[in-house]
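A.B. asks: Below: one structure in structure tokens.
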Amino acid sequence: MTTDTIVAQATAPGRGGVGIIRISGDLATNVATAIIGHVPKTRYAEYCDFNNADGQVIDQGIALFFKGPNSFTGEDVLELQGHGGQIVLDMLIKRVMEIDGIRIARPGEFSEQAFMNDKLDLTQAEAIADLIDATSEQAAKSALQSLQGEFSKEVHELVDQVTNLRLYVEAAIDFPDEEVDFLSDGKIANALYKIISKLDTVQASAKQGSIIREGMKVVIAGRPNAGKSSLLNALAGKESAIVTEIAGTTRDVLREHIHLDGMPLHIIDTAGLRDTLDTVEQIGIERAWAEIASADRVLFMVDGTTTDAVNPHEIWPDFIDRLPAKLGVTVVRNKADLTGETLDKTEEQGSCVYRISAKTGLGIDELKQHLKSLMGYQSNLEGGFIARRRHLEALELAANHLQLGKEQLEVYLAGELLAEELRMTQMALSEITGKFTSDDLLGKIFGSFCIGK
């Protein structure tokens, strides 16, 4: 770990009422002595002059000193809060850099130092960037929950449970005389099932947190001429897709990225699904299924003039049967302006059914509200947190190892292999909080931060 003293502007570049220069490291006290003549009293705001090497005043403002380890980074930290003109702030940084042993901080280096000094874990460090980058009130609240340790707490509880079970299994293997039938007495199985159930709950919360942060991927799918491209245009509020009465007009994937009350939504329009001999259209249909496989939600577009059915399994059973098992489906019955259907929401076989007219805009607002609710808009956030794609991947890896461990227990009664799967589960979960994390991943995470954070 570096022992350099670092400096950076902590406020956004440009003109503002207040600008903050942050210094962290062993030489922070030297900076204070050089610029304001003394080291301020710890955790007290002091109004003073900021001087250059000749004793001339560069600016006037507030100096704050935090003695390590009781600071954000865990090191000595000095903050100089002056006027927010960029020239003034540049002059202050230049003055600080005149002191030997100080360099400009890399992006995210203050947060990285805090992580290295155990002031916060990796999910909390990531939450700082997520809070800054939040595009909605929901995202900001969720990021704050993660910053306060909600996500970390859930992961630590899982790690503790897995560790305890692993230690029990390994101890029973090492001392078989004391626990002859330990693999078949039900105790290990019950503990393992509880861990799997707990992980399922955390995965569901993390999935929701990822949608709040990164947006929900919604794929519009259905037969040709059902109105899929018209719906894309209606949701996007512009003519993104060509709309004609010719079946198979859309042959490739079309994407629109929009925000609903600040929450990101990624809408994918796909080629109409049917049997065809047209090579180009076949490629488009293959791409449509590839998009469906990675979707968070499918809008199953139905031409309401062709069927009265509302149950998705009755409308097109082959399509529904081919969808991923956990993929949610919203049935969208289009052309309500022609069928005269009431624009109400119903539930059929676990799927929401909406009636709209993509052409006239009838029911589009209600469908948008539905999509916002799926993203967690204005939902109860107590215990909620923000999550990233890497978190979901780590949780999925942990879940896979637990399932393999369950198989080793139930089918083979293989204690050693169960213990190994529990160890791999520990490793996967510990990647989330940064207990076991590669330097390359740390560099990628902190390198995406703002300079000064």
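Even glycines carry a Cβ here, placed using N, Cα and C.
What Swiss-Prot lists as (6S)-5-formyl-5,6,7,8-tetrahydrofolate binding site is R22, E79, K119, K453. Annotation comment: Swiss-Prot describes 225-230, 244-250, 269-272, 334-337 as GTP binding site, evidence class sequence analysis. Among the features that Swiss-Prot reports, Mg(2+) binding site is placed at S229, T250. If you look up Swiss-Prot, you'll see 215-376 marked as domain 'TrmE-type G'.
Structural setting of the listed features?
C.D. replies: For the recorded site, K119 ((6S)-5-formyl-5,6,7,8-tetrahydrofolate binding site), the DSSP three-state label reads coil.
In the three-state DSSP reading, A271 (GTP binding site) counts as coil.
Around the Cβ of S229 (Mg(2+) binding site), a 10 Å sphere holds 24 further Cβ atoms from the protein chains shown.
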A.B. asks: Per DSSP, to which secondary structure element type does K335 (GTP binding site) belong, with helix, strand and coil as the options?
C.D. replies: coil
A.B. asks: By CA-CA distance, flag whichever of E79, K119, S229 among the binding-site residues is nearest to A271 (GTP binding site).
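C.D. replies: Answer for the nearest of the binding-site residues: S229.
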A.B. asks: Can you tell me the three-state DSSP label for S229 (Mg(2+) binding site)?
C.D. replies: helix
A.B. asks: Cα-Cα separation of K119 ((6S)-5-formyl-5,6,7,8-tetrahydrofolate binding site) and S229 (Mg(2+) binding site), in Å?
C.D. replies: 50
A.B. asks: Taking 10 A as the limit, how many CB atoms besides its own sit near the CB of A271 (GTP binding site)?
C.D. replies: 27
